[in-house]
Amino acid sequence: ICLVVVVTRGLAYLLRPLRQPRVIAEIIGGVLLGPSALGRSSKFLHAVFPDKSLPVLDTLANLGLLFFLFLVGLELDIAAIRRTGKKALAIALAGISLPFALGIGTSFAFRATIVKGAPQAPFLVFMGVALSITAFPVLARILAELKLLTTDIGRMAMSAAAVNDVAAWILLALAVALSGDGSPIISLWVLLTATGFVLAVCLLLRPLLAWMAHRSPEGEPVKEVYICATLAIVLAAGFVTDVIGIHALFGAFMVGIVVPKDGPFAGVLIEKVEDLISGLFLPLYFVSSGLKTDVATIRGAKSWGLLVLVILNACLGKIGGTVLASMVVKIPVREAVTLGFLMNTKGLVELIVLNIGRDRKVLNDESFAIMVLMALFTTFITTPIVMAIYKPARPSVPYKRRTVEGAPADADSELRVLACFHSNHNIPTLLNLVESSRGTGRQHRLAMYAMHLVELSERSSAISMVHRTRRNAMPFFNSGDKTEQMVVAFETFQQLSSVRVKPMTAISDLETIHRDVIDSAAGKRAAIVIMPYHKLLQHDGSFHSLGSQYHAVNKRVLRGAPCSVAILVDRGLGGHSQVAAKNVEFSVAMLFFGGADDREALAYATRMSEHPGVAVTVTRFRPSRPPSDDAADEAAIEAFKGKVEGLKDGSAMYEDVEASGKEEVVQAINSLSKSNMFVVGRMPPTEPLVERPEELGPVGSYLASSEFKTSASVLVIKRYDPATNPASKRFDPKARPPVATDVEDEEMGGASASATASVVPVPWTPQNDLA
């Protein structure tokens, strides 16, 4: 077991630069440990896999497979499949029909050469299913790796794959029933009893599971007896379907389908089961399959020709059928071809089909090895080909308003803010900050793109939420009620405020999620990106780090963003209530030392001073040595003074502080500790106020440290500098627009919190972009 885990994880690490799903490494690992490679040595085979251990290995592997199919059923939402659009349904049906027909044609070539004694009807169906199936979990992982999971093409592929998955399992049940020993009457009896089992599950088992889910409300732990009862039901259902004669996997799959998907019950089941199954038991199944796969059985030109034939038919059927259906429903050719290759993804489900066929004596060793290599090849080529033919995002979009300071101040101007958050804990402070920054004048003064940053882990349950995405681009997580609170918060904020809100979701691993932020900022033409601090406030007032990876995300965004970036240190700005609109009760302290970052922070604070519920105090620290761009600083300060003179209600104030050393600066800052928020530049020309300043800079690091006793939140701003981000200046007129760009978004016209996060790119030309 240890050897299996080490080999499969090691191969996954080696294949990671190629963006391959883990199932590829597990299939290859199983083949390498089997008689095709290392297992060719009888000493190795008898030492590592002695005959007496194989029953135990098969038992654990099949037990893991049983619960894996239960998890697959949990990830399929039948209600969502019923709502599948006509386009996805047409693509799914075409992606099944043509490869199934070609699979039947291929089966005649197999039966005439290497599988002469196989029963005809079961072999035809098994070959058709093997060529037409799409691996739903593997496809989701590939889409996530390519950052297509939340795009329209990703949703289309997932919806079509879900329909494909259900149809393939029905066809496989038919194949298993036909492959049983005995007369056709027995096969008919198996089908009838299987239909009765499905009805019993829907009519009797579904209400029981719904009752347990109803007794597991949000915020309370799910009772252990419910978890154990559900897992016992999975085993019992597998036993019943095995007795019926349609394989134990179908029972577990059906139980997973009827488990209610709303609320925390399904999520807790996934959490309890998936780590053990995916991390330990499934690799054993791949090894069990690898021990049955002997590539050496593929001998001669005839066998290798059959391998080429089955690969060509698999690709032609799935890709051709998908492309034809896509073009009929008027999907562009490039997107149609991309969908075709995505739908050609095989994986574990393919191995399950092949192993069932081998166990039922429908496939022999040679045909089994050929089909395993076909599944491996078609899945391996998916990622590189999709990356080559579908490039929806360009590195940068030419636009002028990359800073708050550079945004026009007239009433018709609009400030675009990309506000990112990790969880619902960040939302109250984020909404209060955006509300206080909306300025005055016309309704379209500020557009907020609220991007939920979701870590993509190795767990497939992190992907299943995408298939149950609501129309406002906020996915259902395991704890559905918390997500509903997020949705309601944004919808209510938009209705009560004059700010346009558009929710978005970025699902990616933490090493690359900064690209989603950077690309979205460019696509949305944002003037500033607001990132959450990588530390979370605790009840005692201290900060708890979320991890070095979250810290690295902020650093990468600061380094590569196409606009200004702000880091928000959340200490509960305004609590859970909205900023007051009439009485000045919300105070902001802006600390000005000089430099480009401080001028950008001053511009943001100036905008906040326009809000009737916000009082802004700008404190300028006079250094002993004036900075090199002192003239620009003076101009920015004079502009703010002019704003102060125009506001007679005292909501904006300015003061000078003579501070020649660190102690005097700290003392002056401490005198402002009762403010609700501090706004500072990231790299002002002053000495660090703490020993090791982080990405927040010399002043921001002190304001976020435990040395500074305050309950005020902190906004640390870095001004966009094209000299440090030359990539943002490049412009390729042939590049395609970002996947998150759409027509409505250009002026947020008609867009609302219910708009989707991303759509299929519209035709774009340099002339349109300039306009």
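Quick reminder: no glycine exception, Cβ is built from N, Cα and C everywhere.
Worth saying up front: this structure is predicted, and the values here are computed from it rather than measured.
Marked as compositional bias 'Low complexity' by TrEMBL: 751-762. Taken from TrEMBL, the feature domain 'Cation/H+ exchanger transmembrane' covers 11-386. According to TrEMBL, the feature domain 'Cation/H(+) antiporter central' maps to 444-583. Feature annotation from TrEMBL assigns domain 'Cation/H(+) antiporter C-terminal' to 586-720. Per TrEMBL, the feature region 'Disordered' maps to 725-771. The transmembrane segment annotation in TrEMBL covers 23-39, 59-76, 88-110, 122-144, 156-179, 185-205, 225-256, 276-292, 304-324, 336-356, 368-390.
For the transmembrane segment (368-390), the neighbouring stretch richest in Cβ pairs under 8 Å, chosen from 23-39, 59-76, 122-144, is 23-39. For the transmembrane segment (276-292), the most Cβ-contacting stretch among 23-39, 59-76, 304-324 is 23-39 (pairs under 8 Å). Residues in the domain 'Cation/H(+) antiporter C-terminal' (586-720) partition by DSSP class (helix H, G, I; strand E, B; coil) as 47 helix, 34 strand, 54 coil. Scored on C-beta pairs under 8 angstroms, the neighbour of the transmembrane segment (225-256) with the top count among 23-39, 59-76, 185-205, 336-356 is 59-76. For the transmembrane segment (185-205), the residues of the chain that approach it from at least six positions outside its boundaries are 173-174, 177-178, 233, 237, 240-241, 244-246, 250-251, 254-255, 258, judged by C-beta separation under 8 angstroms.
For the transmembrane segment (336-356), the list of distant contacts is 21, 23, 27, 65, 68-69, 72, 91, 95, 126, 129-130, 133-139, 142-143, 153, 156-157, 160-161, 164-165, 168, 172, 176, 247, 249, 282, 285-286, 289, 292, 314-315, 318-323, 326-327, 363, 368, 371-372, 374-376, 378-379, 381-382, 385-386, 389-390: same-chain residues at least six beyond its ends, Cβ to Cβ under 8 Å. Tertiary neighbourhood of the transmembrane segment (88-110): same-chain residues 118, 123-124, 126-132, 134, 156, 159-161, 163-164, 167-168, 171, 306, 309-310, 313-314, 316-318, 320-322, 324-326, 328-329, 339, 343, 367, selected by CB-CB distance under 8 Å and a gap of 6+ residues from either end. Take the transmembrane segment (122-144) and the stretches 23-39, 59-76, 156-179, 304-324: counting Cβ pairs under 8 Å, 156-179 has the most. Against the transmembrane segment (59-76), the recorded stretches 23-39, 156-179, 304-324 differ in Cβ pairs under 8 Å, and the greatest number is found for 156-179. Residues 91, 94-103, 105-106, 109-110, 113-114, 131-132, 134, 160, 298, 333, 336-337, 339-341, 343-344, 370-371, 373-374, 377-378 of the same chain lie 6 or more positions beyond the ends of the transmembrane segment (304-324) yet place their CB under 8 Å from a CB of it. When pLDDT is averaged over the domain 'Cation/H(+) antiporter C-terminal' (586-720), the result is 85. Packing against the transmembrane segment (156-179) from elsewhere in the chain are residues 72, 76-77, 80-81, 84-85, 87-89, 91-93, 95-96, 100, 119, 121-122, 125-126, 128-129, 132-136, 139-140, 143, 148-149, 187, 190-191, 194, 245-247, 250, 253, 322, 331, 339, 342-343, 345, 349, 353, 356-357, 360-362, 466-467: each is 6 or more residues past its ends and has a CB under 8 Å from a CB in it.
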